[in-house]
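What follows is one structure encoded as structure tokens, with my remarks underneath.
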């Protein structure tokens, strides 16, 4: 597939997602990095987003709860170029009924080449990157070219 460039803006659109057993870990991470996160636009699945709003007072665009379609809503935003970073603390030791949605979310983040953290260490690396508050060019699939080729 041909690639094109997308610029992640200085003010990032960050999706925050956490499975039930990982919500407190994400809450602790968000509270620790609140001064940095306040400079960006936050999105989250339903329960996680509401917990973050309640604990920090930050504005969060809360989707539906993950099992009710929230993971798919975040995935749709990624494929539309509306999410720049995904912080997704998922529980690798417990299966969830919406595992296919989880896999789809991670697949879309990979397809669209956005930074993804699935644990605290990686999330720290991303937020502490010297590029976190800069505009950054990434390579993404050239969907217009892809579609044109398929419609020949």
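The backbone N, Cα and C atoms fix where each Cβ goes, and this holds for glycine too.
Of all Cβ atoms in the protein chains displayed, 29 besides its own lie within 10 Å of the Cβ of residue 71 (active site, proton donor/acceptor). Per Swiss-Prot, active site, proton donor/acceptor is recorded for 71, and the stated evidence type is sequence analysis.
According to Swiss-Prot, the substrate binding site annotation covers 19, 23, 45, 46, 47, 48, 65, 66, 98. Neighbour count (other Cβ atoms within 10 Å of the Cβ, all protein chains): 21 for residue 19 (substrate binding site).
Swiss-Prot lists 6-152 with the feature domain 'MGS-like'. In the domain 'MGS-like' (6-152), helix, strand and coil residues by DSSP number 70 helix, 29 strand, 48 coil.
Summarised as a single figure, the pLDDT of the domain 'MGS-like' (6-152) averages 95.
Whole-number maximum of the Cα to Cα distances across the substrate-binding residues 19, 23, 45, 46, 47, 48, 65, 66, 98: 17 angstrom.
Counting every protein chain shown, the Cβ of residue 47 (substrate binding site) has 18 other Cβ atoms within 10 Å.
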